[in-house]
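Per TrEMBL, the features are as follows:
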ACT_SITE  A:Asp7  active site
BINDING   A:Asp7, A:Asp141  Mg(2+) 1 binding site
ACT_SITE  A:Glu68  active site
BINDING   A:Glu68  Mg(2+) 2 binding site
ACT_SITE  A:Asp141  active site
Protein chains: 2
Amino acid sequence: MRVLGVDPGLTRCGIAVVDGAAGRRVTAVAVDVIRTPVDDSLAVRLLKVADGVEDWLDRHKPDVVAIERVFSQHNVRTAMGTAQAAGVVALAAARRGLPVEFHTPSEVKAAVTGSGRADKAQVTTMVTRLLGLATAPKPADAADALALAICHLWRAPVRNRLAEAEARAAELARKHRARLAAARKTQA
Amino acid sequence: MRVLGVDPGLTRCGIAVVDGAAGRRVTAVAVDVIRTPVDDSLAVRLLKVADGVEDWLDRHKPDVVAIERVFSQHNVRTAMGTAQAAGVVALAAARRGLPVEFHTPSEVKAAVTGSGRADKAQVTTMVTRLLGLATAPKPADAADALALAICHLWRAPVRNRLAEAEARAAELARKHRARLAAARKTQA
């Protein structure tokens, strides 16, 4: 499976493509940062992020897009810009019918370091090690995009098992209700 | 001038087209609400909002797009969804090379009621009156989109005069610096 990981942002948007599967080796295909000038209007910056992501989708044809879930940050203005960048990335994926998943920063950190409270240096170290890279990816946004893609590859099976278990439980409940209804009919 | 006003949202996105000019009568061309199902994924909801807005841009060919500026709301999750909806609307406009302006809720209220702290009922009353509508636009999101477009039409000249004044001041400062430099050269 090929995952496009995106650490959304207007000033620096981390973007990475990773191949792999659950419990298997992961391989970095490409990683970069999309930058947009602070002087551009918000709409133009969003357009540049969207164009950049579209280009990556064309070139790398991922199976799924994983985006970092934005939380309220100290700076509300920055958080809004980040959320809007995440929104146009999700839109680009949805336009191509690609599934989009959001992962929280702590899920991403836990997936690659084992701790949801790991710092940036630890995330970069583990990303470099897990992908067998000769040098550490820079800046932090690039490393985060790689970590996000790895997180998606490794968390997906857990989520799928959960979804299957929920589907089985719902099916059992449905059968139970059907049996109850049939029993009531017999009594009537 | 024709303005497309958008009160962004995922559950209800108010959208309206108003014709007019500063200090002139304003006319409502169209108003509606784009709704997306709560059960859809975020990416699909953003796609539906984007498709809806693209359709309005095609049909009504506005000169400019005015969007309500999202502030941190009580519910962070809702604020993020609203910001992302605003982001895909701005992107759609930018893709067509249309200028995009953001107005705060208090700017919009002040433009149509005279008070930045007017309530929703007052905004709806004034929008109905200013546009000479037979019935009040519903829901509130539709009225807000109309108010936003009116706000843009009436605020634009104020902003333009400010921009002109700033440009004149910058030009004076530039000339002054040039004269100073020339004087220094003469002395040297």
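Just so you know, glycine gets a Cβ as well, placed from its N, Cα and C.
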Quick one: pull the CA-CA distance for A:Glu68 (active site) versus A:Asp141 (Mg(2+) 1 binding site), whole Å only.
11
Compute the C-alpha separation of A:Asp7 (active site) from A:Asp141 (Mg(2+) 1 binding site), stating it in Å without decimals.
6
